[in-house]
Ligand SMILES: C[S@@+](CC[C@H](N)C(=O)[O-])C[C@H]1O[C@@H](n2cnc3c(N)ncnc32)[C@H](O)[C@@H]1O
């Protein structure tokens, strides 16, 4: 088995949270490591821990915590109290890809040992006071209690949201936008360092480009999914459950107790959401306030922005589709000025997963079911689709040369359609039949007649392609887990002229790119032309990455 395949398949690392429970008499509880994908947040953390260990010349053994001991003792037993304690004057060393600060703190039980502390909302260079509250074999989860001395990068005056420091949604509001973009560039670099080590060693990974900025830094998210839980103790007791997003840290450092203390925060406004999404959130909260007793279990509420061109001669209310309604039962909407359209645009918030939603991008119109995948930041899409289209061009081509596109993981046709001009034929493949139906409909609605879409797993495309490989460029935009080996092998066998790999998880992208170049038959004919992050989600740790490969 190759190293890459081992990395992909044998992903066992002991990173399951330990919850101390009362041990049953005579029974020794054993810590059971859980399998995690190395390219997931917890998997990446293991690489980050190893990096700190290497820097300080420490071994995994030096930071090993006695989780078995904690596991076998009563809550608040002596080991539990030793491990879960306050630690003062902790210097934060690094920022993890997930936005947390990483630090080395003394072990509570052995003066020769240390612990790795994972501290949300702490920045490298901060001097902080923390409370460790959950012990894992190789790290401890902490709450940030106080920033004793801030890092030069920290600027808490930039924080716009009262829930920041407590909500799991945003991690970077205390950084300038330039520093957020630099953080994301580092994430891309680290991803290739961790997951494409052979390519890094051979120095074939180009310098990572500057992260493309989002035109909107707040108020950009066109989809939000607030959630509520209904634990047994709340059923029928008349108390309304919190409706909002997951709880991430204790807010002592911000002196803020809003939102409650349960696993879900009660949130009435999300400043990264668009205006109409927040209006929808306010409507749905008002409805929930009245109707929560009818629910038997927890649920997630969909809030998706929908844009419609309306006729100025007809009352807007008569032209609205199904959408979130206010307390009087009227659909909430916002009318917006749009220089490109002569007719006014109206935005509503859709809550029904089956409702058809419309988005306008670079003069193209896209429709899809509200519950299906579509990119969440409309403001950056014109630049991203332009970037993808330009990078699909085959170098040295003349306008009369044939050019074909393959769009694997095509969704409702975003990249196929926006890249279709000047191209002879586009063929897209997508596992969701619903999305493919919309891709066909979107092509037609935009007057694009050179696109064909098929339903199936990405590799099904190789049964349908009849275009010459050296005149074909391929778009890859897989889900977070990335592409699988079967697909990558067939892609290499097909041997296209160019590949533009778009990814919402740069770690799985780096793994796939190394696998493709180093482990597949024709992979070594390809070179990485460029690599760059795109900021689809300002204020959060997330980064999209585009890697362009060409046959060298
Ligand atoms: C990140 S989305 C990209 C969609 C599209 N490119 C866009 O930007 O709107 C990934 C898409 O891959 C689809 N998908 C997931 N697994 C797949 C597979 N094995 N083969 C083909 N499509 C798949 C999902 O349904 C989803 O639409």
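Keep in mind that glycine also has a Cβ here, set from the backbone N, Cα and C atoms.
If you look up TrEMBL, you'll see 1-19, 229-238 marked as compositional bias 'Basic and acidic residues'. Taken from TrEMBL, the feature region 'Disordered' covers 1-28, 229-259. Annotated S-adenosyl-L-methionine binding site per TrEMBL: 375, 409, 430, 477, in sequence order. Residues annotated as active site in TrEMBL: 504. The annotation active site, nucleophile is assigned in TrEMBL to 504.
For the compositional bias 'Basic and acidic residues' (229-238), the residues of the chain that approach it from at least six positions outside its boundaries are 262-264, 293, 295-298, judged by C-beta separation under 8 angstroms. With respect to Cβ neighbours within 10 Å, the binding-site residues 430, 477 differ, and 477 shows the lowest count.
Sparsest Cβ environment among the recorded positions 409, 504 (other Cβ atoms counted within 10 Å): 504.
When the Cα atoms are compared, residue 430 (S-adenosyl-L-methionine binding site) and the residue listed as 'active site' turn out to be 17 Å apart. Each of 373, 407, 410, 411, 414, 415, 478, 502 belongs to the same chain as 375, 409, 430, 477, is absent from that list, and has a C-beta within 8 angstroms of the C-beta centroid marking the S-adenosyl-L-methionine site.
Residue 409 (S-adenosyl-L-methionine binding site) sits 13 Å from the residue listed as 'active site', taking the Cα positions as reference. The Cβ of residue 375 (S-adenosyl-L-methionine binding site) has 21 other Cβ atoms within 10 Å, all protein chains considered.
Residue 477 (S-adenosyl-L-methionine binding site) sits 8 Å from residue 504 (active site), taking the Cα positions as reference.
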